[in-house]
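Accompanying notes for the structure given below.
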Amino acid sequence: MRNRWCQEEEGIAREAEKADNSFSRNTKINRQMKRSDGSFNRQLSLETGFSVLRSESKAKDGRKVNLPRSGRSFGGFDSVTRVGMEGRRGDFSIFKTKSSNLSKQNSLLPTRKEIDMESQRTNDGYGGVDESANESVPAGRYFAALRGPELDQVKDYEDILLPKDEKWPFLLRFPIGCFGICLGLSSQVVLWHALATSPATKFLNISPFINLALWLLAVSVMSCVSFTYIFKCIFYFEAVKREFFHPVRVNFFFAPWVVCMFLVLGVPPALAPGKLHPAICIFMAPYFLLELKIYGQWLSGGKRRLCKVANPSSHLSVVGNFVGAILAAKVGWDEAAKFLWAVGFAHYLVVFVTLYQRLPTSEALPKELHPVYSMFIAAPSAASIAWETIYGGFDGLSRTCYFIALFLYVSLVVRINFFTGFRFSVAWWSYTFPMTTFSVATIKYAEQVPSVPSKGLAVTLSLLSSAMVSVLFVSTLLHAFVWQTLFPNDLAIAITKTRLGKEKKPFKRAHDIKRWTKQALTKNNLVTKDIGGAKEED
């Protein structure tokens, strides 16, 4: 009886064990099925990411929508978040103008917020960099990443958003600095107008047709440059914004309006024999609105305060006030001329002192920025001419400004080595505008002080500036149409907002470290001996 009961218990235990084994097997199978289903679902979403959208769009209108494959779900393989030049090869659309049609075409694509969130997760996990072309770049970043006469060359250890080994579209390669060419030519128009009409240079018998030919040439060049840059604003507005954030190029946004005022002041008598109409002062309105923006940034003390972004090109944002004062005085608006002169002179003193002081808080200017140091001459020269035009005489204050410009001119001439050793670029036109303005001021000075030295200086400086403009004009034509090297890739607008890697420091060799250690120990021993000797004497 007992044996039978034991056998029954053993049978019940075996059946329970079999039931447990079967239950565990079923549980494992269910888990595997769930895993396979989950992995299949993830594969489906990762593989395409748009299969649901494709089926929905097909069900709605019966048309098949072919959407590109996206790599954002794989964690950083998209061209936006990929590090290195392979991920940005030929992607020039990041600088194109954002239009409403483009937003409509991309309505089926992930939203900007989703892309930013995925890019942020990718950056946290893979160390990628999400760079948007329409984000403002700090002013100090331009000084840290760029070098050259106008901060237009990328340093060797920096990366950019666009490929360096491909030729970019022409509009992307067309910089705002091209208005410097217009400044040089339009200032020559004013110079030859003064040479032909001034009593101090009457003995030269200058024909007024030279002034007419230069005026027509300057108007033609200004029209071509303006229309080209307008097209750049239409198609590549993000690149224009990058140039506006550039601490040097932002000053060239004042140049078009200064050129227009120069062309009005130097208009040939054959085209405008009477008095100028006051309506032409409209060219000063955009300049004044822009300087309110820039001067406000200087005054507010933010990231673009003057001590941080000051450079010789900052004089372009000041000299237009004096040119506008001359124009206002010509049309009879004396009070407006005095107001503009006062605003320009106050900010000229601030810029001049800031550049002279080299504050520790300011960004260090590279050595290659010396060619545009000739901008120092333009503002005091224009100030002296404006004062003479407003008050009708080359009196004490006008001569003070003129002598300041004369001293700066001489100080730059004796340091001619600053202006050599650079490849040709549009920045070279920065020489011509200040030299021509100073030549016009010298002609005005020769009218008040008629002597052989003053007249000889006026003629010499005028011929020197005209020769410089002629050489640069021919060189520009050769580089633009013959050698086709005038407009290289504009790397300055494609720098990254943050630095990708640290600058490589020179590796210290073992013997250098040993020598440094030996010198340090020697100095330490000498100090110890001196202390010990002093104690013994005590």
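Glycine is treated like the rest: Cβ placed from N, Cα and C.
Please treat TrEMBL annotations as automatic predictions, because they have not gone through curation.
The feature region 'Disordered' is assigned by TrEMBL to 16-36.
Sequence annotations record features per position, and here TrEMBL assigns compositional bias 'Polar residues' to 21-30.
Residues annotated as transmembrane segment in TrEMBL: 170-192 (among others).
The annotation transmembrane segment is assigned in TrEMBL to 212-231 (among others).
The transmembrane segment annotation in TrEMBL covers 252-271 (among others). For the transmembrane segment (252-271), same-chain residues at least 6 beyond its ends with a Cβ under 8 Å from one of its own Cβ atoms are 176-177, 179-180, 182-183, 186-187, 189-190, 192-193, 197, 208, 211-212, 214-215, 218-219, 222, 226, 244, 280, 283-284, 286-287, 290-291, 313, 316-317, 319-320, 323-324, 326-327, 330.
Among residues of the same chain six or more beyond the transmembrane segment (277-295), those with a C-beta under 8 A of the stretch's C-beta atoms are 250, 253-254, 257-258, 260-261, 264, 317, 320-321, 324, 327-328, 331-333, 336, 340, 343, 347. Per TrEMBL, the feature transmembrane segment maps to 277-295 (among others).
Marked as transmembrane segment by TrEMBL: 316-333 (among others).
TrEMBL lists 339-359 (among others) with the feature transmembrane segment.
Here TrEMBL flags 371-390 (among others) as transmembrane segment.
Tertiary proximity for the transmembrane segment (396-414) is limited to same-chain residues at least six positions away from its ends with a CB under 8 Å from its CB atoms, namely 373-374, 376-377, 380-381, 383-385, 387-388, 438, 441-442, 444-445. Annotated transmembrane segment per TrEMBL: 396-414 (among others), in sequence order.
Residues 148-150, 152, 175, 177-178, 180-181, 183-184, 187-188, 190-191, 194-195, 198, 200-201, 313, 319, 371-372, 374-378, 381-382, 384-385, 388, 394, 398-399, 402, 405-406, 409, 419, 454-455, 457-458, 461-462, 464-465, 468-469, 472, 475-476, 486 of the same chain lie 6 or more positions beyond the ends of the transmembrane segment (426-446) yet place their CB under 8 Å from a CB of it. Annotation comment: TrEMBL describes 426-446 (among others) as transmembrane segment.
For the transmembrane segment (458-482), the residues of the chain that approach it from at least six positions outside its boundaries are 181, 184-185, 188, 191-192, 195, 200-201, 204, 424, 426, 428-429, 431-432, 435-436, 438-439, 442-443, 445-446, judged by C-beta separation under 8 angstroms. The feature transmembrane segment is assigned by TrEMBL to 458-482 (among others).
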Recorded stretches the transmembrane segment (316-333) and the transmembrane segment (170-192) touching, at least 3 CB pairs under 8 Å: no
